[in-house]
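Peer 1: Please read through the structure below; I'll follow up with questions.
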Amino acid sequence: MIKLFDSHCHLQDPRIIDMVPKIIKTTTEAGVVYFAVNGVSEKDWHLVKEMSDQYPCIVPNFGLHPRFITERTPNWLKTLRGFLESTPPAAVGEIGLDKGSFGRKIDFADQVDVCRQQLQLAKELERPASIHCVRAFGDLLELLKSAGPVPSGFILHSYLGSAEMVPEFAKLGAYFSFSGFLMSMKESKAKKMLKSIPKDRILLETDAPDALPKLSNPDSLYLIEKEASSADGISSGGINEGNPSEKSPVEDKDNGKQAQEIHNHPANIQHVLSYVASLLE
């Protein structure tokens, strides 16, 4: 069995956190040996830390996602530094820029400033960075060029940018990570983009609980199912709006069954691997 690394997921997400032991067991049996679990705000960094202390297979990432920058406290950067310094294996993430449907509601200059500060921290502590980018690749490229090299490299997570931008990002040290969202891109465009990436810069991820792969035979998917009424504290959706996704609850009306929330499972990285391999022939 091929040993795999899920380079970006969110097992601390409130929608699935109470099912983590079962999720990890199923996924490791499917060949995944490590998970990069990305924190997104001050409110969940401690959860990622606790999870990584409990499970050796989890590589913790701590970062302030652009969606949550309006909620940050005055000491957010000091707190972030504390988590990173106390956790030597940790990377910086999820950080980034967003001009998607949700990101447009958040001051973009503020997004750039917060992202720049976290990139500086990654450089200073010599940690990799996991970067979210929705409809802002030109802005991100400009920011990365002005910030200077990130010694430990960076991941463009769930990359859906153009083939033309790949060489510029690659020159700066980028790795390109792909999730089930790739299946929403026009196949010819996805193939051209993948073939423009150096083979040693291609990574795989699930972005679980989001980015459910779209398959012709969905029966082969692993799903995380949870009754919507029992999901106390559930978030209102994924953090990747602006990317195609399947997040809506489903309901079996014929049987009168309770509505359930259906989420992506990290074991579906096998489907991402198969799709990327098929496009690369």
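In case you wondered, yes, glycine gets a Cβ from its N, Cα and C as well.
Got these off TrEMBL a minute ago, pasting:
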type	residues	note
BINDING	His8, His10, Glu94, Asp207	divalent metal cation 1 binding site
BINDING	His132, His157	divalent metal cation 2 binding site
REGION	232-264	region 'Disordered'
COMPBIAS	248-264	compositional bias 'Basic and acidic residues'
Peer 1: In Å, rounded, how far does the Cα of His8 (divalent metal cation 1 binding site) sit from the Cα of His157 (divalent metal cation 2 binding site)?
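Peer 2: His157 (divalent metal cation 2 binding site) has its Cα 7 Å from the Cα of His8 (divalent metal cation 1 binding site).
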Peer 1: If one measures from the C-alpha of Asp207 (divalent metal cation 1 binding site) to the C-alpha of His157 (divalent metal cation 2 binding site), what distance in angstrom results, rounded to a whole number?
Peer 2: 9
Peer 1: I'm trying to understand the geometry here, so how far is the Cα atom of Glu94 (divalent metal cation 1 binding site) from the Cα atom of His132 (divalent metal cation 2 binding site), in Å to the nearest whole number?
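Peer 2: His132 (divalent metal cation 2 binding site) has its Cα 7 Å from the Cα of Glu94 (divalent metal cation 1 binding site).
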Peer 1: Return only the integer: C-alpha distance in Å from His10 (divalent metal cation 1 binding site) to His157 (divalent metal cation 2 binding site).
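Peer 2: That comes out at 12 Å between the alpha carbons.
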Peer 1: Across all the protein chains here, work out how many other Cβ atoms are within 10 Å of the Cβ of His8 (divalent metal cation 1 binding site).
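Peer 2: His8 (divalent metal cation 1 binding site) is surrounded by 27 other Cβ atoms within 10 Å.
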